[in-house]
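Inspection log for the structure reproduced underneath, given as structure tokens.
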Amino acid sequence: MTTKDDSIGSSRVTWEGCSVLLDINDGERLVFARLSPNAQLKIGKKNCSLKPLIDCPFGSVFRVDNGKDGPYLSLVVHTEEVEEGGNSIQEKEDHVTTHESKDNRAIVDNNSAQNLTGEDIEEMRRQGATGDQIIEALIAHSATFEKKTSFSQEKYRLRKQKKYAPEVLVRRPFVRRILKSIKLDNLMSDNYMRCDSLSLLLSMANITAYSDVLVVDMVGGLITGAVAERLGGTGYVCNMHLGATPYPVDIVRIFNFSNDVCERIVHCALDDLCPGQNGSCEQVQKMVSDSTNELDHMEDVPAEENTTSADVPCTTASDHEVRKSIKAGGKASEELIKSWKESGFSSLIVAAPDMDVWSIMQKLHPLLSYSASFAIYHQYLQPLADCMHNLQIGKMAIGLQISEPWLQEYQYFSFLGVVDLNILLWLSFLISISSYDWYFRRTHLSMQMSAFGGYILSGTKISASESKVQ
Amino acid sequence: MIATDPSEKLSLYRRIREGDLVIVYERHDSMKAVKVAEGSVLQNRFGVFKHSDWIGKPFGSKVFSNKNGFVYLLAPTPELWTLVLSHRTQILYIADISFVIMYLEIVPGCIVLESGTGSGSLTTSLARAVAPTGHVYTFDFHEQRAVSARVDFEKTGLSRLVTVGVRDIQGEGFPDEFIGRVDSVFLDLPQPWLAIPSAGKMLKPDGALCSFSPCIEQVQRSCETLKTKFTDIRTFEVLLRTYEVKEVRETSCQGDEGGSFKSPPRKKRQHSTEKGNVVEASGPGKIMAKPCGEARGHTGYLTFARLKCLPLKDNQVCSLRSA
């Protein structure tokens, strides 16, 4: 058993007990797993041991192969000569130019194009055929494959590869990846946060080493984890809760945080930081009860996470090798709280979807040091507009800005050698209007994207008033 | 700008001192970086400000001129710096910068290569992300620009985290001393495809690369080159829309005087309202937000890729572990 005391990001090789994100078939499914010799992953209908994944570099690709003792994960060796299917890029490109006139006019959807039956494939499997061999057989028995454009051929091959020779890519659990793995389940949920929004929050709140960062993280620990990743074991991230119970930060467990980093993640109640606010107790209670649904929902998230990866038994906390590690999100010590009361936090991030941001801001504003940067995330514009207005009127902050990020992904395909510049210019025009299918090298907008990334209110706290300054 | 030890972090105790860099904030679109020096003055349209008045005040203070004009003095951050730095080239802005840092997975301790340095807008944020133990090596082929960048990093106190080199990365590639040592590479070059093979050599296995190009043709060509050694090639565009918030008083349509349409709202600019006189006889206005009329359109395409991972021998596993 290996213990890692390195700080995050330094190890590029997996170890026993480390947490990984497994990307199955290029984004088809993302599973969080903790590596141990007994851990198993269900891919398709097969269970594979995760043992081969231990001590491999992050970024390695494994493929499900059929062995004597059933399916197992074997490392895929990428070499420059061998591209998918054994064709070199050059060959493929030549191929395209000569068959450019192909299209789908001869393809009829009558389910008779493939004359290899399910039984045939099962038989091949029994005889120990590899996934690649099955795919080649499918192509050989496809009546329409040759009539397809090479672009469609490529798509066909890829589709079959996903089914008959699924690939597993081992990824480091960085916040961006984690976000993606959560996103699959929660894309439509209110708490869904896009990668670009999160990155903006971290920038706008000026998160950097040695910062003491105050967060109100009601999105399952995503903000807490992202901030801790940026602090790298320096400073503190304090997740403040308005009621009596700390907000769940289960997402933090997915990161490969070392003990150094984990002990920098703490929680603390608002009442501990600003006592004597009895008058506002009722209000706080109200806010909490308003957000009960929210809390319930957030508690669901880790549960969902577990169901997604239920096929990985070792994800559960019963792992004894994880025992040793310090649990992130302990209670802030008295000394820490005292020091924060005296010197203030250097940054603030609020992501509390169902809470009134202005009332939170009123309470947290005094806890920030002068000139501290803050960023507040919300799904709706109005609460932020109100908050901004009040901060302006109260002369509490300057540099106030509400921003909404806009993210667009472009897809790139390459099939033809050189393309006339004019066509390209025209193409960029097409890009701007539609995702037009074009039978040569092309870049077009991705069809599926999240249309909305939420709003962020950012600003800088100013010193209360000139008269108070000695 | 970036704390090198815990004592330097921002706090309620921190006072402006001689030699500090402050961001003088006049308005959200009018700021200036100033080095505080006992005998100096700042002169602008609001009057003459004596630096000696500033010393001993906390960051975030409002300070007055001889004519009773005022400005705010803010602690510098990479975001503020991006707004005040002198543009020697086209610069990267916050939306692109934030996305790049997150996508390249830059965390404390990382070694990052950048080319070209340009005006150092991204470099400043890269430095913040790798601090306190990492380092940014940035290269520009333009000698004078590299010198100015060094002066800037000295001024912002980043010299410990950033090294500026003069080198034509498209022509010569990155220096051999970085081979296999680098976590992430950022390219902002007219012909990035010329530098991509070298970038591939510098990166650790699974290391990430980003190329920023304003034109789609550059993206096409870069992707072609990336295909041989890299995987997960993806291109994005990130933009930011900002909103303005106003207090608007509406005339409601009631009784005979109201038609079926609302009369155009009477607007009152937020900035001019003083506390206390917001509420007028007509009752409180509504807080409303709308996108700002002016926005930054296209900046550039961000193409990301990850170095393909070759299987390692046992001794390589050990060396990567300890790296």
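Using N, Cα and C of the backbone, Cβ positions are placed for all residues, glycine too.
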Listed co-binder of S-adenosyl-L-methionine (same site as B:Ser119, B:Gly120, B:Ser121, B:Leu122, B:Asp168, B:Asp188, source TrEMBL) among B:Asp140, B:Asp206: B:Asp140
For B:Gly120 (S-adenosyl-L-methionine binding site): DSSP state (helix, strand, coil): coil
I'd like the number of other C-beta atoms within 10 A of the C-beta of B:Gly120 (S-adenosyl-L-methionine binding site), please. 32
Largest pairwise Cα distance, Å, within the listed S-adenosyl-L-methionine binders B:Ser119, B:Gly120, B:Ser121, B:Leu122, B:Asp140, B:Asp168, B:Asp188? 20
Given a separation of at least six residues and a C-beta threshold under 8 Å, show me what packs close to B:Leu122 (S-adenosyl-L-methionine binding site) in the same chain. B:Ile91, B:Leu92, B:Asp96, B:Ile97, B:Val100, B:Glu114, B:Phe186, B:Asp188
Cβ-based isolation winner (fewest other Cβ atoms within 10 Å) among the binding-site residues B:Asp140, B:Asp168, B:Asp188: B:Asp168
Count the Cβ atoms, other than its own, that fall within 10 Å of the Cβ of B:Ser119 (S-adenosyl-L-methionine binding site), considering every protein chain shown. 22
Do any residues at least six apart in sequence from B:Ser121 (S-adenosyl-L-methionine binding site), in the same chain, have a Cβ closer than 8 Å to its Cβ, and if so which, in order? B:Trp81, B:Thr82, B:Leu85, B:Ile91, B:Leu92, B:Tyr93, B:Ile97
